[in-house]
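Okay, so here's the structure we're looking at.
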Amino acid sequence: MIPIHEALQQVLKQRSTYGTEKISLLEAKGRFLAEDIFTDRDAPPFDRVMMDGIAIQHKDLDEPPAASYKVQGIQAAGSPQLSLQEETYCLEIMTGAILPHQADTIIPYEEVEIKEGRAYIQAAKLAKRFIHYKGSDSKKGELILSKGKKITAADIGLLATVGKSTVSVAKLPKVAIISTGDELVEVDQEPQAHQIRKSNAYTLWAGLMEEGITGKLYHINDDKEALRQSLAALLEEFDVLLLSGGVSKGKFDHIPEILHELGVKKIFHRVAQRPGKPFWFGAHQSLNTKVFAYPGNPVSTYVNHFYYFQQWLYASLGKDMALSRVELAQSIPSNPALALFVSVRLDPKSGAAKALNHNGSGDLFSLAQTEGFVLLPARGTDYMPGEKVDFLALK
Ligand code: AMP
Ligand code: MG
């Protein structure tokens, strides 16, 4: 058994790189950029009109030079730039249009009356209003998104505006999700009295989806030969195996023995933590396959996956996953030998974490009430209200 910080270090040491790939902008949300992104033009790319109204030449005087202007025509958004032909002419103009030559001020329709081809300005108005000047947001060639950033929906808009219909991102590992256990049946099956529906595989599948990975689902019964055959093939085919169940001390927990037989090097088995102590982690050196074998209790699988695999994945994709910190709302008994993942809710006002009651690591239903887990390192003295600790927000 090793302490939790050592286990995490060992996991992070096994980070891999999977190269980069070019993908369509439409698939890029949630992926990690593998290139720096620069603006290809000034933003805005021209003096952009910000209101519907008329464009005049104001010349920075205290008031517009004339009380009324002849309407020369219309400058619509998406039309090439027009020119004011005379100082006493105006152009009707629309939001998003390019400012006409000679024009320097927009008077919105609300402040103008147009009658028989002339625009009457209803009040003395300041010059230079309602123009979003070329290059005022950013200049051509500026760095706007850096390599390693996780692409958000807002970033997708930025990428679109600078003309990136394809984008280079970190390639993702191929992941197999393998549930084990003779008691498990499929979600759409009616379990018999001694059976349960499998849930871990779907939690893991959904967790991977959040990172853009489409995991492949497998199930293997607690049978040595079946495990041997299936795992041998899966080790070859995938970069990562996520197993749940079969790593504790039961008579049918064969996973560690079979992985050993198949040449997967054990890096550690059992971590000084609760829940999730029987976690087994290893790697097949020549195939470069990483194996995260979680104990099957749903809360154990959950915390181990979102603590260890998630940080391993981010490290492999070139990014640190900084855990957020929260304050404790109450005292919590510590354990001198085990780090504790404690299920909490956050106070809506103060944000402080309150521990939740639950029935241990098999209590999947407790996850419905939880907002996340605080991680309390092993120590002899209890945790006190106001202490700041790591927080693993529920995914
Ligand atoms: P194990 O780690 O195989 O000893 O399993 C521990 C507990 O977790 C047992 O009660 C199992 O039935 C349960 N369990 C194992 N795998 C799953 C799964 N995929 N979904 C839900 N519960 C599971
Ligand atoms: Mg089992």
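Every residue gets a Cβ built from N, Cα and C, even glycine.
Shown for the domain 'MoaB/Mog' (176-315): DSSP residue counts in helix, strand and coil, namely 50 helix, 38 strand, 52 coil. Here TrEMBL flags 176-315 as domain 'MoaB/Mog'.
Across the domain 'MoaB/Mog' (176-315), the model assigns an average pLDDT of 97.
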